[in-house]
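Below is one structure; the comments refer to it alone.
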Amino acid sequence: MNNLQAQFPHIAIKLNEPLSKYTYTKTGGNADVFVMPKTIEETKEIVTYCHQNKLPLTILGNGSNLIIKDGGIRGVIVHLDLLQSIERKNTQIIAMSGAKLIDTAKFALDESLSGLEFACGIPGSIGGALHMNAGAYGGEISDVLEAATVLTQSGELKKLKRSELKAAYRFSTIAEKKYIVLDATFSLELEDKNIIQAKMDELTALREAKQPLEYPSCGSVFKRPPGHFAGKLIQDSGLQGHIIGGAQVSLKHAGFIVNIGGATATDYMNLIAHVQQTVREKFDVELETEVKIIGEDK
């Protein structure tokens, strides 16, 4: 794998890179090989090479709804953060995989285009948002997604239309097929900029009031169980404020687990398991994680 640097001298590649620098929890071990392509073509080159040489491949976006285990990740990590372009075409916006969802929503506001207001505070990348059909406050990415350009695991380029992008709550075809998102096209509607801004301000105020934005966290930890709210179940289980190591069930919103100082990924995972077990015993409800957990134990 170390041959990658010689094979691709034009692409930024780091060895044994600490992944805690790239996750919102500020936890995670090291990557064997950490690749930062600047273009779609460079991304395609790396993905194809990994496939041909049977190298394990992991795609990393903004690291916001993610826990990377303390043992890190073997093989090659491709970090798409440098694919940042956002542009307008009529009433559509085309955003590359590494563009931040927040920046894309702000771009839509600046262009007087409505439809992405719900995303104004979601801290993920476009690629990650498509992967999990991210949403908040009644809106989901799939509501406005028109098309996506993806790579297959073998490096084949595909253009997927809306009809091919079947999506459900925190699920998408992209995740199911392990596609690598390169860009996304959103169909929006013209609207008065002040109206869009007012909606964003309202949602931002709600987010700031309810979410522990002052601490590192992985966002909403659990999916919403049918007929319940995860945060309410956790609160009613007496777990709000519960601490394991440096990880704590947030005092502000029980659906979040925050890093109050020096937390490890293992702390997070132990606390998640404890919450799941307690809620299962008290309410006979299974809490399924929304946060993605990858990597190896230390």
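The backbone N, Cα and C atoms fix where each Cβ goes, glycine too.
The domain 'FAD-binding PCMH-type' annotation in Swiss-Prot covers 27-191, and the record cites sequence analysis as its basis.
For the recorded site, Arg170 (active site), the DSSP three-state label reads coil. As annotated by Swiss-Prot, active site applies to Arg170 (among others).
For Ser220, the entry in Swiss-Prot reads active site, proton donor. Counting only same-chain residues at least 6 apart in sequence, those with a Cβ under 8 Å from the Cβ of Ser220 (active site, proton donor) are Asn65, Ala230, Gly255, Phe256, Glu290, Val291.
Marked as active site by Swiss-Prot: Glu290 (among others). DSSP classifies Glu290 (active site) as coil under the three-state reduction.
Applying an 8 A CB threshold to same-chain residues 6+ apart, the list for Arg170 (active site) reads Met132, Asn133, Ala134, Gly135, Lys223, Glu290.
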